[in-house]
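Pulled from TrEMBL:
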- 1-28: signal peptide (SIGNAL)
- CYS37-CYS190: disulfide bond (DISULFID)
- HIS92, HIS94, GLU98, HIS141: Zn(2+) binding site (BINDING)
- ASN130: N-linked glycosylation site (CARBOHYD)
Amino acid sequence: MGTGPTAPAASGHRGSLLLALLLGAAAAFLPLAEPSCPRDNSLVKDINQMHQSDYGRKGFSHITIAGALAHGMREVEVWLQTFGPGQRTPIHRHSCEEVFVVLKGRGTLLLGSTSLQYPGTPQEIPVFQNSTFTVPVNDPHQVWNSDEHGDLQVLVIISRPPVKIFTYDDWSMPHTAAKLKFPYFWDADCLPAPKDEL
């Protein structure tokens, strides 16, 4: 007699292999679990129940109220951000429109130029509760809570989400040396994992 598998054992092996292939193919079509991405497509949401984080920046808080990756927004994205006394955004620019509404506190918008090879000495524009301001597309800017005692809270609306941000070390850094940060911190957990091509 030969040493090969008997007919029932060979049939069972083929059946197990076929089942494993079918399960693997089905898994490829299932969405990946992303527990750290706060997806919520309900019509009405309680901001107090939404995911909030400082993203490693002490004195800062960010909530994506309506986002491209977490909520399926296509044209605009809305953030609620709070800056403690003295806190500021990095110097940055992006190729989207941006509107701020100051809900609480006061601060300063620092606005550079795209007409030079580098941002240059920024304009210092005071902002205050119930004021609103826009940032021109691609203009380097920084929002700073220049109040030493209270928080600065802003509602931010951007176009063309998810945002691709270029950051600067200082106002004299050439535009061509600005560093791309994409996905940005609050979008990083929401992008689907890259597929393994092997």
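Note that Cβ sites are derived from N, Cα and C of the backbone, with glycine treated the same way.
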Where HIS92 (Zn(2+) binding site) and CYS190 (disulfide bond) are concerned, what is their Cα separation in Å, rounded?
-> 22
Among CYS37, ASN130, CYS190, these being the recorded positions, pick the one whose CA is nearest to that of GLU98 (Zn(2+) binding site).
-> ASN130
HIS94 (Zn(2+) binding site) to CYS190 (disulfide bond), Cα to Cα, whole Å, comes out at 20
Of the recorded positions CYS37, ASN130, CYS190, which one sits closest to HIS141 (Zn(2+) binding site) when you measure Cα to Cα?
-> ASN130
So what sits near CYS37 (disulfide bond) in its own chain, CB-to-CB under 8 Å and at least six residues off in sequence?
-> LEU69, ALA70, ASP189, CYS190
How many other Cβ atoms are found within 10 Å of the Cβ atom of HIS141 (Zn(2+) binding site), counting all protein chains shown?
-> 23
Within the same chain, and leaving aside HIS92, HIS94, GLU98, HIS141, name every residue whose CB is within 8 angstroms of the centroid of the CB atoms belonging to the recorded Zn(2+) site, in sequence order.
-> THR89, ARG93, CYS96, VAL135, ASP139, PRO140, ILE165
Largest tally of Cβ atoms lying within 10 Å of a Cβ, found at which of the binding-site residues HIS92, HIS94 | HIS94
Determine the Cβ neighbour count for GLU98 (Zn(2+) binding site): the number of other Cβ atoms within 10 Å of its Cβ.
-> 20
For ASN130 (N-linked glycosylation site), the same-chain residues 6+ apart in sequence with C-beta under 8 angstroms from its C-beta are VAL102
